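These come from TrEMBL:
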type     : residues                                          : note
BINDING  : G89, G91, R92, K112, D124, G125, R178, R185, D276 : ATP binding site
ACT_SITE : D266                                              : active site, proton acceptor
BINDING  : N267, D276                                        : Mg(2+) binding site
Amino acid sequence: MTNLLLGLNFEPQIESLGSDYWDVVDAARFPRTELRFRNNDLLRQLGIDPGAVKDHHLEQAYGCFEARTPLLALRYHGYQFGTYNPLLGDGRGFLYGQLRDRFGQLQDLGTKGSGTTPWSRGGDGRLTLKGGVREIIASEALHRLGVTTSRTLCLVETGEKLWRSDEPSPTRSSVMVRIARTHLRFGTCERLLHLRNAQGLERLLRHVVDVYYPLIAAAHPVQDGNAAGAIEAQLLAFYAELVERVARLAAEWMAAGFTHGVLNTDNMSLLGESFDYGPFAFLDQWEPGFTAAYFDQTGLYAYGRQPGICHNNLRLLQEPLAMLLPRQPLEQSLETFAPIYQSHYRACMQRRLGLPSSFDHNGNIEGGDDAVHKTLALLAAWPVGYGAFFAGLATQISTKGLPEEPEALLPVVLDGAEPARKAWLDWRDRWWTQQREAVSAEPDEAQAINARLQRWNLVKTPIRSVIEEFWQAIDQHDDWQPLQAWLKASCVD
Ligand SMILES: Nc1ncnc2c1ncn2[C@@H]1O[C@H](COP(=O)(O)OP(=O)(O)OP(=O)(O)O)[C@@H](O)[C@H]1O
Ligand SMILES: [Mg+2]
């Protein structure tokens, strides 16, 4: 059977931008390749019939990197924990290729753990198997929860022993391949400011607008005579749209109870998509100060600080953009961050609670605010799991239906300790009233509430202890079943 993956129709968009933006690299040669995860859902999205793809085809393509050139390590810099680092760039991955999915959207296939590059800075260019497993879990759970995110296409174990300070060593090596809308980062722009390369930045951003923001390109066509004005208008509109996307992304993370952990500007996509899942954690209990990365000693990237950090990263992005654009309209766009964040956060929380969101004529979400506030007050008062709270509500409604009386809604099924009584009663009465109002206004809401609860919550949130459970089985018995079972139940085909 021919390997379809070796004959895909790649579109050399980044390659054609020119060699200022990347370095051609070779993949490492690994002693062994063994497919550990494949995402059939994504193969279908790429227009490939999963039935025609054998596991060894994925190993050939994404472990041995057969028949694919050029592999491009992308150049970028970034602010890491507030300090500018001009030595970054793809140090353990490369852009494998870009192709259209079946919706016509350009997608990047990018690797992690595929060998050293000119940007490895003494690192080994590798990804641990546990790191790869964690990346699958984060991307697929976030996708399932409605967060705009990269996805994991496959994970190939590569048969080397790695030494790490934060994992029992030696540990196993792997290559992860993801699809992301782009691997262009805020840090890609920051590098061009560092090099005082305004022309290079303009070229990059016009490319971004043409390929990824077609509505903006169409709204401000660049023609002879008005080119400068049209380009400025495009780039200002791009920044305004990016502010909106990043505000929405931050809201989605917060509602998902997700702490990214390393919100450096080199981990911020120019399309506002979430990616790079290293020391992330899903909240166990709701706690704004929760910090995911052990090396984040000041809690800079704590759960509750993420919206502020995203806002700050967007302001940092103004520095390179100011080589091409006036500051004042950029600042004005940034002011939309807070209201967009607020209304999207409310909408995301509402749907986790099963409740409808209605919009006023300005697009703001009406009502429901109170239920969201009361949910946060309850979660602050009651040491219940964040994801477990929503899962408990979803299970109760799917098994017993909507409660006739508020008293019928029971906290006991919601796992954990006795809730602080007042917070529980406040929350319960509010939620009950809101669902009742929704159903009286629109009888179909009875099904819709249950459907939302099932759709926007996970039966089992992959908090750290759950990930460790999956990892122990893999590490000690090479048993991938618990991970696979969870993926099947919660996430992907
Ligand atoms: N083991 C390693 N060997 C070489 N370079 C590394 C290694 N680990 C991280 N790096 C590099 O250090 C920088 C910061 O790493 P970070 O964890 O943010 O990114 P990453 O997880 O490697 O990749 P991505 O951001 O594409 O998901 C990146 O430039 C990355 O390539
Ligand atoms: Mg990174």
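Each residue, glycine too, has its Cβ placed from N, Cα and C.
The highest number of surrounding Cβ atoms within 10 Å, among the binding-site residues R92, R178, is found at R178.
According to its DSSP assignment, R178 (ATP binding site) is in a strand. For the pair N267 (Mg(2+) binding site) and D276 (ATP binding site), the C-alpha distance works out to 6 angstrom.
For the recorded positions given as D124, D266, D276, the lowest number of other CB atoms within 10 Å of the residue's CB is seen at D124. When the Cα atoms are compared, D124 (ATP binding site) and the residue listed as 'active site, proton acceptor' turn out to be 19 Å apart. Less than 6 Å separates the Cβ from ligand 2 in the case of D276, drawn from the binding-site residues G89, R92, D276 in sequence order. Cβ neighbour count for G89 (ATP binding site) (all protein chains, 10 Å cutoff from its Cβ): 22. Taking CA atoms as the reference points, D266 (active site, proton acceptor) and G89 (ATP binding site) are 9 Å apart.
When secondary structure is read from DSSP and collapsed to three states, N267 (Mg(2+) binding site) falls in the helix class. Highlighted here are the binding-site residues (R92, R178, N267, D276) whose C-beta falls below 6 Å from ligand 1: R92, N267, D276, in sequence order.
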